[in-house]
Amino acid sequence: MASREEEQRETTPERGRGAARRPPTMEDVSSPSPSPPPPRAPPKKRLRRRLESEDEEDSSQDALVPRTPSPRPSTSTADLAIASKKKKKRPSPKPERPPSPEVIVDSEEEREDVALQMVGFSNPPVLIKHGKGGKRTVRRLNEDDPVARGMRTQEEKEESSEAESESTVINPLSLPIVSAWEKGMEAARALMDKYHVDNDLKANFKLLPDQVEALAAVCKTWLNEEHRGLQLTFTSNKTFVTMMGRFLQAYLQSFAEVTYKHHEPTGCALWLHRCAEIEGELKCLHGSIMINKEHVIEMDVTSENGQRALKEQSSKAKIVKNRWGRNVVQISNTDARCCVHDAACPANQFSGKSCGMFFSEGAKAQVAFKQIKAFMQALYPNAQTGHGHLLMPLRCECNSKPGHAPFLGRQLPKLTPFALSNAEDLDADLISDKSVLASVHHPALIVFQCCNPVYRNSRAQGGGPNCDFKISAPDLLNALVMVRSLWSENFTELPRMVVPEFKWSTKHQYRNVSLPVAHSDARQNPFDF
């Protein structure tokens, strides 16, 4: 109480120097006053109360309510003047809470005020919009709703144009970017439309490995238009067109840069045979030297093959009685060649490690290898390599499907030398074509047949699959050359098509065991219980 009375004395001026309503002069201020300074008004205590809104949806808010001080018995005029000069502080509003993702903004005015919008990485995703006034709204996006791009002002576009020009990659050719499959399909459809392929084949064509039939139809139409009456030697028209379709498929995949991991489109390989280097020496697919083995053939006298043998091979064929006392035509070949793994096997029987190569006449087989080598040198005289390679198919119609299982018998097409009858009587001086002279000087051809062929008037050995695949080595090379001509007539650039080199593998071995094969069944349970 004493201190409060002292503060009140300091606010009261001295008597004779002025009243409470008249402020003192400068002289009075300059002179020291023995009274203390006037006391300050005590701060108003504020009481925090919780006010409930009348609206049930709004949440309760906290407001600051000034607490009225308790009345005092005596209050001076100076205290009232000082208290009136102080401004009353307004209660600070509570910051707004962020809206929930359930809020949907659909008004046009709010859309115009949006300055930035982004997509939040949540589940479900939300579209977050920031207005120009600092307002932030959130809208939930459905799966089918398109994501709107952020709206930018013209000034922002001008500022970011330079940065975008540096990061944008421009196609120098100004061409649309397409996939490799679309590129191959476009080229294939152009060929099928031009050469009038069947609509069913065209509609089902998807550039798959097993769809060679549609491309073979293209090659067949092209042959009928450009090379009518094509001469083939020991080759069926169906096999020739099929091999052209395979080569065309390889060019399409190379053009579109489409590859399949476990499928080679041509179904061929280049074999470095080395069978024409040393006289009398032949090598099998293993790369080993083939051994000599006597081979005896017996045919019925009344059969067509027996009569032909008596006529064409009168020096070797003779009529004898077999062990059952019947007259047969017997041909004994002492120059037969077989794989080294078949030395202990009878004629026309092979071991489990054999490559399946067998020649009844080794000399004729070597003449056929010399013919294809001379044919390659005549066709490509300036080639540095490749004259000693043989383009050979690895798949016939039996094992042409991708992912086929090994079957009983030979796994590679059978390689057989065929003699050219009456070719020795031709005068070589009258022929100027070197490719034709290759067959005149070496009158035998290598012919590729089905892996396990079934001849006329004979039964299938082992009951394995068989087909009518048959094509000679020169015609196989001509099929590749004609596909290149077909491609050059329709496209400007010829892609690079690589035929793999042949390497021996255990998957090419002769199979003496027939494995059971399962067939797909749509039923869930095998039996009805």
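Cβ coordinates are placed from backbone N, Cα and C, and glycine is handled just like the others.
If you check Swiss-Prot, you get these features:
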BINDING   Cys284, His286, Cys339, Cys355  Zn(2+) 1 binding site
BINDING   Cys396, Cys398, Cys450, Cys467  Zn(2+) 2 binding site
COMPBIAS  1-17  compositional bias 'Basic and acidic residues'
COMPBIAS  129-139  compositional bias 'Basic residues'
COMPBIAS  140-155  compositional bias 'Basic and acidic residues'
COMPBIAS  156-165  compositional bias 'Acidic residues'
MOD_RES   Tyr195  phosphotyrosine
REGION    1-108  region 'Disordered'
REGION    125-168  region 'Disordered'
REGION    297-331  region 'Flexible loop'
REGION    513-529  region 'C-terminal arm, DBP binding'
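Put simply, Cys396 (Zn(2+) 2 binding site) is 20 Å from His286 (Zn(2+) 1 binding site) when counted between their Cα atoms. Between the residue listed as 'phosphotyrosine' and Cys450 (Zn(2+) 2 binding site), the C-alpha separation comes to 30 Å. Those same-chain residues not listed among Cys396, Cys398, Cys450, Cys467 yet with C-beta within 8 angstroms of the centroid of the Zn(2+) 2 site C-beta atoms are Glu397, Asn399, Pro413, Gln449, Cys451, Asn452, Pro453, Pro465, Asn466, Asp468, Phe469. Cys355 (Zn(2+) 1 binding site) is 16 Å away from Cys396 (Zn(2+) 2 binding site) when you measure Cα to Cα. Listed in sequence order, the residues Leu285, Gly287, Ser288, Met290, Val340, His341, Ser354, Gly356, Met357, Trp504 complete the 8 Å Cβ shell around the Zn(2+) 1 site centroid, once Cys284, His286, Cys339, Cys355 themselves are left out. According to DSSP, the compositional bias 'Basic residues' (129-139) comprises 0 helix, 7 strand, 4 coil. Taking CA atoms as the reference points, Cys398 (Zn(2+) 2 binding site) and Cys339 (Zn(2+) 1 binding site) are 24 Å apart.
Each residue in the region 'Flexible loop' (297-331) has a pLDDT score, and their mean in this model is 85. For Cys450 (Zn(2+) 2 binding site), the nearest neighbour among the binding-site residues Cys284, Cys339, Cys355, judged by Cα separation, is Cys355. Here the C-alpha separation of Cys355 (Zn(2+) 1 binding site) and Cys467 (Zn(2+) 2 binding site) works out to 20 Å. The separation of Cys467 (Zn(2+) 2 binding site) from Cys284 (Zn(2+) 1 binding site), Cα to Cα, is 24 Å. The two recorded residues, Cys467 (Zn(2+) 2 binding site) and Cys339 (Zn(2+) 1 binding site), show a Cα separation of 25 Å.
Taking the Cβ of Cys396 (Zn(2+) 2 binding site) as centre and 10 Å as the limit, one finds 27 other Cβ atoms among all the protein chains shown.
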